[in-house]
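Heads up, the thing below is written out as structure tokens.
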Amino acid sequence: MGKEDKTHINVVVIGHVDSGKSTTTGHLIYQCGGIDKRTIEKFEKEAAELGKGSFKYAWVLDKLKAERERGITIDIALWKFETPKYYVTVIDAPGHRDFIKNMITGTSQADCAILIIAAGTGEFEAGISKDGQTREHALLAYTLGVKQLIVAINKMDTANWAEARYQEIIKETSNFIKKVGFNPKAVAFVPISGFNGDNMLTPSTNCPWYKGWEKETKAGKFTGKTLLEAIDSIEPPKRPTDKPLRLPLQDVYKIGGIGTVPVGRIETGVLKPGMVVTFAPSNVTTEVKSVEMHHEQLAEGQPGDNVGFNVKNVSVKEIRRGNVAGDSKNDPPMGAASFTAQVIVMNHPGQVGAGYAPVLDCHTAHIACKFAELLEKIDRRTGKATESAPKFIKSGDSAIVKMIPSKPMCVEAFTDYPPLGRFAVRDMRQTVAVGVIKAVEKSSAAAAKVTKSAAKAAKK
């Protein structure tokens with residue numbers, strides 16, 4: 001397999017704060033990843049000097065995190081590792097205070113979640129207790145459409161690799177993930193030590209009783225022994241090239257001698273020079289002159305690509321971050337007058353009722369929206385209504401809500417365009433709720449601007 005032929009997949013690592021997420025992720029990146037040996041040796045030396053030798057993998061990760069949080073643009077390759085089949089990017093490990101927001105507006109949808117559970121006495125119980133963040137993160141992943149899961153039972157060395165303990169944990173965890181919505185039969189359970197490396201890349205000699213993991217999905221039956229093999233058995237994502245174009249703008253630049261250059265990540269569809277695109281909710285239509293990525297011209301940009309594209313006769317004042325570009329001839333994007341969404345309240349101290357108007361983060365847009373009407377309260381797991389027209393909802397509740405944006409914004413139903421159909425509700429400087437959009441009432445188009453070049457291109 002040539003270097004270029006491997007599929008890229010994204011994983012998100014979830015679990016309780018002390019489950020060993022950093023150590024486990026650090027180990028994978030360390031052994032199969034983009035951290036060059038020099039950096040590692042530097043980190044190891046620092047760790048040893050500070051008496052943190054026992055944390056070496058986590059230390060590597062902490063260094064990367066610290067640099068990333070200080071805004072030093074850290075080489076993102078450091079968060080990647082390679083398996084025989086895939087290039088894997090670790091999207092964001094929780095614990096990061098913006099984890100939830102990142103997971104929703106995040107640069108990408110995770111293809112699989114890796115749930116890390118600590119086997120130590122008391123640790124496991126704390127991790128999946130009722131108020132545990134583990135439950136919250138797992139539910140969040142599931143609600144946001146992450147349908148594949150791997151469970152790694154970590155710190156097996158602290159449980160002396162006892163088979164009985166492992167079986168007990170598997171039984172409990174199976175019930176736990178079933179309640180969240182995952183099917184345990186389709187999940188690989190792997191006993192590991194993220195620190196010592198058991199069953200990470202090579203089978204451990206410490207658990208002769210362990211015959212390997214197995215999972216059964218629509219695609220068939222898979223078996224293996226290590227965490228790496230479990231990651232390799234993730235089903236590859238179908239990238240949405242066949243859908244109409246949706247490209248939320250991250251920035252719009254004015255470049256001397258070239259003109260206006262919007263920049264963003266293609267979420268669905270393709271973008272090619274010569275295409276006529278419409279920006280919503282600005283309602284501007286124009287022709288794309290050129291498309292480039294990493295300073296190279298592209299014949300075609302695809303989902304996942306972060307591109308800049310040059311548009312003709314459009315000023316920087318007319319389009320902005322949060323606008324969405326789409327193909328003017330194929331389901332062009334439009335502003336939303338209102339939308340209904342399933343909203344899950346996560347950590348709001350009080351009650352939320354009609355009239356609440358927090359800020360929504362949806363793709364690159366950041367706009368206040370009013371909870372106009374609480375239509376029904378629903379059971380998070382089954383999606384069935386439990387109460388119609390509730391007066392209030394509080395933490396832990398889920399409801400179908402009609403929402404009205406305070407100013408024009410472009411969103412879509414989650415089933416049509418997932419990245420444009422999930423949002424975080426921010427208030428008091430934290431994520432207080434998350435939502436998945438069910439339906440959108442598009443606004444009747446205001447006066448539209450169509451540039452001359454677009455009109456000319458349309459006649460061709």
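Glycine too: its Cβ is placed from the backbone N, Cα and C atoms.
Between the stretches 154-157, 346-349, 450-453, Swiss-Prot puts its region 'G4' entry on 154-157. Residues 71-75 are the range that Swiss-Prot records as region 'G2', among 71-75, 161-165, 266-270, 391-395. Which of 92-95, 104-107, 256-259, 384-387 counts as region 'G3' depends on Swiss-Prot, and there it is 92-95.
In the structure as shown, the Cβ atom of Lys80 (N6,N6,N6-trimethyllysine) sits within 10 Å of 18 other Cβ atoms. The Cβ of Lys391 (N6-methyllysine) has Gly353, Leu374 as same-chain neighbours under 8 Å, each 6 or more residues away in sequence.
For the region 'G1' (15-22), residue counts in helix, strand and coil come to 2 helix, 1 strand, 5 coil, using DSSP.
Taking Cβ-Cβ distances under 8 Å and a sequence separation of 6 or more, the neighbours of Met156 (GTP binding site) in its chain are Ala119, Tyr166, Pro191, Ile192, Ser193, Asp198, Asn206, Cys207.
Cα separation, Lys80 (N6,N6,N6-trimethyllysine) to Lys317 (N6,N6-dimethyllysine), rounded: 37 Å.
Considering only the recorded positions Lys21, Lys317, the Cβ with the fewest other Cβ atoms within 10 Å is that of Lys317. Recorded residues Asp18 (GTP binding site) and Lys317 (N6,N6-dimethyllysine) have their alpha carbons 48 Å apart, per Cα-Cα distance.
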